[in-house]
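Going by TrEMBL, these are the annotated features:
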DOMAIN    11-248  domain 'Threonine/serine exporter-like N-terminal'
TRANSMEM  114-131  transmembrane segment
TRANSMEM  137-154  transmembrane segment
TRANSMEM  166-188  transmembrane segment
TRANSMEM  194-216  transmembrane segment
TRANSMEM  228-249  transmembrane segment
Amino acid sequence: MDQEYQRAVTRICVQTALLLLQHGAESAVVVQMAQRLGLALGLESVECALTANAVLLTTLSKQHCITTVRKNVDKGINMQIVTDVQRIVIAVERRVYDLSMAQTKLDKLKPLKYNRYLVILMIGLSCASFAHLSGGDMAICALTFIASAVAMFVRQEFSKRHYNPLIVFAITSFVASLIAGISLKYNFGNDPHIALASSVLLLVPGFPLINSLADILKGYVNMGLGRWTIATVLTFGACLGIVFALNLLNIVSWVG
């Protein structure tokens with residue numbers, strides 16, 4: 001294996017790791033996919049180290065090492081990209097794709113994005129369903145649907161303009177709590193507290209929290225703590241929005 005080929009394999013390995021990390025894969029999957037791809041393409045060894053904002057990868061072939069670093073920029077959770085990258089790696093292992101074909105496939109990957117209004121509708125329905133499961137009547141479910149749908153629209157608008165996620169979460173929870181808080185302010189529905197609690201469920205950072213725990217349990221403590229910290233900060237932002245909305249509505253307590 002010549003050095004030019006090794007450099008090409010190193011680039012595709014770090015690109016694979018970066019794509020997986022950017023779109024929400026757990027750290028063990030990121031490292032394993034990069035290593036499996038490198039070994040399938042003829043390298044002797046692939047070592048990968050992850051941080052919250054970078055990927056460090058070293059390849060070894062015929063006593064020659066190449067080390068490269070790539071900056072990581074979060075692009076949001078997208079399991080379609082993660083799945084497609086894994087399929088490409090498996091295809092290389094089975095000798096279906098060679099280096100050039102795998103590189104072409106990776107370069108052509110684009111995140112699947114659902115229609116924004118469909119997302120708003122489904123978010124509204126899911127939060128309304130939680131309200132129904134919690135014992136809310138039709139009035140509470142309807143108000144929860146409106147509050148969460150409007151909040152999701154606001155979240156999309158601010159995210160599209162690349163605002164800081166903490167600000168996005170705070171404003172989104174503020175809007176949802178402000179609308180749902182009407183039920184508590186004017187005693188609307190059978191249990192107004194349900195609408196207020198259910199309307200902000202779209203902001204629960206469940207995936208980052210699950211990934212952080214998985215990373216810690218599998219030995220990637222630095223990544224796990226990093227992801228847990230981000231999820232905690234986002235949760236804090238959501239809490240700020242709720243507090244501001246309750247203060248604006250002059251609601252002292254929302255506990256039923």
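Indices start at 1 and increase along the chain as displayed.
Note: Cβ is positioned from N, Cα and C throughout, glycine not excepted.
Keep in mind the model is a prediction, meaning the values are calculated, not measured.
Taking pairs at least six residues apart, the transmembrane segment (166-188) and the transmembrane segment (114-131) share fewer than three Cβ pairs below 8 Å and do not count as touching. Long-range Cβ contacts of the transmembrane segment (228-249) within its own chain (Cβ-Cβ under 8 Å, at least 6 residues beyond either end) map to 52, 165-178, 181-182, 184-185, 200, 203-205, 208-209, 212-213, 216.
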